[in-house]
Amino acid sequence: MATATPVQQQRAGSRASAPATPLSPTRLSRLQEKEELRELNDRLAVYIDKVRSLETENSALQLQVTEREEVRGRELTGLKALYETELADARRALDDTARERAKLQIELGKFKAEHDQLLLNYAKKESDLSGAQIKLREYEAALNSKDAALATALGDKKSLEGDLEDLKDQIAQLEASLSAAKKQLADETLLKVDLENRCQSLTEDLEFRKNMYEEEINETRRKHETRLVEVDSGRQIEYEYKLAQALHEMREQHDAQVRLYKEELEQTYHAKLENARLSSEMNTSTVNSAREELMESRMRIESLSSQLSNLQKESRACLERIQELEDMLAKERDNSRRMLSDREREMAEIRDQMQQQLSDYEQLLDVKLALDMEISAYRKLLEGEEERLKLSPSPSSRVTVSRASSSRSVRTTRGKRKRVDVEESEASSSVSISHSASATGNVCIEEIDVDGKFIRLKNTSEQDQPMGGWEMIRKIGDTSVSYKYTSRYVLKAGQTVTVWAANAGVTASPPTDLIWKNQNSWGTGEDVKVILKNSQGEEVAQRSTVFKTTIPEEEEEEEEEPIGVAVEEERFHQQGAPRASNKSCAIM
């Protein structure tokens, strides 16, 4: 054991204080047996005390468990009553919603009748407007004839002004070319001086290099003379001859290069000087001809100015007549615009009323669906806790909610609890959503969000599908919008791509998630249809979603069908139910 008992400490002290006297083997064996028996008795006493304390603690824990189970039972009973109350309130709200929906449908029929009457009135006003537009076109034809005459006069004026501007531009160009020629002559003079300086510097450099080469030759010759001391006289003469021949060839090469460079400089200088002289002569002759043309242009401008004054008088008369016609046309346009704005305002008011009724209807439908889902979630949570606590289940009722034509199952597990299989069957006695889809190619339309947030496509084949030039068209009633894929986009085999609206709150993650920045929503309505066309304009897939609304004649008893809700133990305990503790003690 970890600690020694007081009896053991006392015996150890007595053994330490005993005199060291010799004992017989029998005495020693008896003492050892006696000591072992005492130790075993001490250990047994400690063990009995430990067992008693554990039994006491176990009884206290069992009492706590019993009390907590009683508290949990009371809380569960209260929570069940609270859920039943909320369920009854939700059912009453659902009934009120159904009645309100029927009223709204009746009002919608009235508004449709009023809308048809307004359409008839609008057609009559359209015929009146077409007559006014015919008169307007007649006035515009007369105005166009006058505009043509005025445009002819203005065109002649502009052509004369253009000729004058062309002559001025030619004079400016000639003066600019003359100044450029003078500048070129100065540049050529400077270039000549620069080339002469460069020739002088190159000559000096050549002289310097020649001196350096001679020094190097002398140095090389001295080195060879020192090396040729050990060589016989025949070999020495041969080396000197080769060295002299090599030096002679180097001198000839350098002289030839210097001569070529001098000849090139002289040829370049003479050619540029001749070009400058010819350019100066040409510029002088051009300036003289330009002066003659300028004199002729001045005389022509004077004659054209007199003609222009006459045309301006005629133009002023035409402008006065045009002003009168424009005033008459403005009055007619104001009257037509006023009538058209009145019709548009009436149509806008009718559209706003219809849109308000539709939005109210959609809000009521969303409230109903949310209530149904919440009721199912509460009931499923309650049944899960009853099953976990092994309580008798309450009588179930059935509530149906329609969100899509498909069904799905959700499985949740927690520790060693029993797995709960929840199946969502989506149908409604009052509102139902039906889907229909077809595809003739590798790509199909997998899903259309009923809230207008996204449309999802899927490549069902084992090959990549290029989507360049493909178009996806969404139709709701008479309105339609289209989305085109980029030329480089490719949908991988077995992959899905989701095209999100701009207000969906999703960030782009190509190639699986794309954002349509120009469209805030794909749109919602009772009849939504999406068509997918390839780059040749052929329809390869389509999917439609139709909302069917019926008014129930009488309310029947409904059975509960749980919607996919994950039953989590932590959420239940946050609402006030304590956790059960299961502890046991093992006595070794």
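Cβ coordinates are placed from backbone N, Cα and C, and glycine is handled just like the others.
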Of Lys34, Lys112, Lys418, Lys458, which does Swiss-Prot mark as N6-acetyllysine?
Lys112
Check the candidates Lys125, Lys168, Lys192, Lys272 against Swiss-Prot and report the one noted as N6-acetyllysine.
Lys272
Provide the number of Cβ atoms within 10 Å of the Cβ of Lys533 (SUMO2 cross-link), excluding the reference atom itself.
18
Let me know the most crowded of the recorded sites, choosing from Lys103, Lys146, Lys158, Lys313 and counting other Cβ atoms within 10 Å.
Lys146
Determine, to the nearest whole angstrom, how far the Cα atom of Lys112 (N6-acetyllysine) is from the Cα atom of Lys158 (SUMO2 cross-link).
61
Counting by DSSP, what is the helix, strand and coil composition of the region 'Coil 2' (245-387)?
143 helix, 0 strand, 0 coil
At the Cα level, what's the spacing in Å between Lys313 (SUMO2 cross-link) and Lys272 (SUMO2 cross-link), rounded?
58
